[in-house]
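**Q** So that we are looking at the same thing, I have put the structure below in structure tokens.
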Amino acid sequence: MRTGSMRVAEISLPAIRHNVQRVRELTGGRVIVVVKADGYGHGARIAAQAALAGGASMVATADIEEALALREAGIEAPILCWLHGVGADFGQAVAARIEVGVSHAQQLEALAAAAREQGTTATAQLKLDTGLSRNGAAPEEWPALFARAAELQRAGLVRVSGVFSHLANAGDAHDRAQAARFDEGVALLRASGIEPEMIHLAASAATLTSPHLHYNTVRVGVIAYGLSPLADRSSAQLGLIPAMTLRSEIVALRGVPAGTGVSYGFNHVCETATTLALVPMGYADGMPRALNGAGAWVTVAGEHRPIVGRIGMDQFIVDVGPLAGRLELGERVVLFGDPERGHPPVEIWAGLMRTINYEIVAGIGPRVLRVPAEAPAGGDADRGAEAGQ
Ligand SMILES: *Cc1c(COP(=O)(O)O)cnc(C)c1O
């Protein structure tokens, strides 16, 4: 077990439970929570456990490997995964009772072969491409794929538990066109003799904006973590609580005279005498190096203070001038968290980097300790309670 307070992503379990509960209230149907990419950087096991406690009926990953890791971590709930390499090991997925998203005939045959070999029934969910032009079976493949799936289901080798597709989020008209194509796919599947239990199209954005796209299940990632997928709506406006508080601590403090250059290249020079705080997080931990000079800030002792100078691989500098007398080594520094609790929202970094909140949280590096906390989001967990699970 790793411990420490130098680089911590504190993950509020109550926040994840609340967000999932909120999705359940919004939709009234089943909720699949996506925990791919290490739970969007929050820790896949932590995220999966909290999501299930909040009422998710299934968790999902992209890869089989991610799904297997969850099983090994003791997650017994249904798990779905849908993105497979050419040599994907469906045998391991079948043995671990993982539901496999199937995008084409070859995957279906490989899954059936694995089931035959183990003398068991594999569970599949058929993934349809309704316009995103990525993963999923194209409409012209549907008749043959569905007929073969029905045959394998009758033979007891593959049970088709669901059908799903993914939206391009290109606007309401496109969403409706994709939904119409999805409806045709579901109808064709039924006509082939398969009645799917789970029918799902909406991810986070459509779950929030389009009740007519909820079907009987939604498949959400980012809103389970309390982040907004909508450019013009904040977490709070959507009734969500950001679950991750990224924090570190001051490991050195130094008073400097006016004219002092800071960090590589001296692209920040202190205009007046001030105090600089050293914080041991850097671009290897997922802080974008290009934040340098862009106006990003952190909270220290409840105050907003600017990041100054270039961000290094392992460390950066905060100008804590006016706070100097109040600070000691070990003082907590919050890089982002819940703005309702006074912390910078992750959307500041995302905006400065011209990207989305998803990319920032998913990019938090492996040196950062994920610490589950029963405290509300906001970095309030006691330092003594950081041992994790
Ligand atoms: C990542 C992913 C999701 C979750 O998307 P959010 O916008 O985070 O809700 C849902 N479905 C598929 C197929 C995905 O790849």
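Cβ atoms here come from the backbone N, Cα and C positions, even for glycine.
What you see is a predicted model, and the numbers here were worked out from it, not measured in a lab.
Per TrEMBL, the features are:
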type: ACT_SITE; residues: Lys36; note: active site, proton acceptor
type: ACT_SITE; residues: Tyr264; note: active site, proton acceptor
type: BINDING; residues: Arg134, Met313; note: substrate binding site
type: DOMAIN; residues: 243-373; note: domain 'Alanine racemase C-terminal'
type: MOD_RES; residues: Lys36; note: N6-(pyridoxal phosphate)lysine
**Q** Averaged across the domain 'Alanine racemase C-terminal' (243-373), what pLDDT does the model get? Just tell me the whole number, please.
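**A** Average per-residue pLDDT within the domain 'Alanine racemase C-terminal' (243-373): 96.
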**Q** Could you round the CA separation between Arg134 (substrate binding site) and Tyr264 (active site, proton acceptor) to a whole angstrom and send it over?
**A** 42
**Q** Say we define neighbours as other CB atoms within 10 Å of the CB. Which of the recorded positions Lys36, Arg134 has the fewest?
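**A** Lowest Cβ count within 10 Å among the recorded positions (Lys36, Arg134) is Arg134.
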**Q** Using DSSP, what's the helix, strand and coil tally for the domain 'Alanine racemase C-terminal' (243-373)?
**A** 31 helix, 45 strand, 55 coil
**Q** Secondary structure at Arg134 (substrate binding site) (DSSP, helix/strand/coil)?
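**A** Where Arg134 (substrate binding site) sits, the three-state DSSP reduction gives coil.
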**Q** Report, in whole Å, the straight Cα-to-Cα distance of Lys36 (active site, proton acceptor) from Met313 (substrate binding site).
**A** 25
**Q** How far is it from Tyr264 (active site, proton acceptor) to Lys36 (active site, proton acceptor), counting Cα to Cα, in Å?
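**A** Just about 35 Å between their Cα atoms.
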**Q** What is the total of other Cβ atoms whose distance to the Cβ of Tyr264 (active site, proton acceptor) is within 10 Å?
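**A** Step by step: centre on the Cβ of Tyr264 (active site, proton acceptor), count other Cβ atoms within 10 Å, giving 12.
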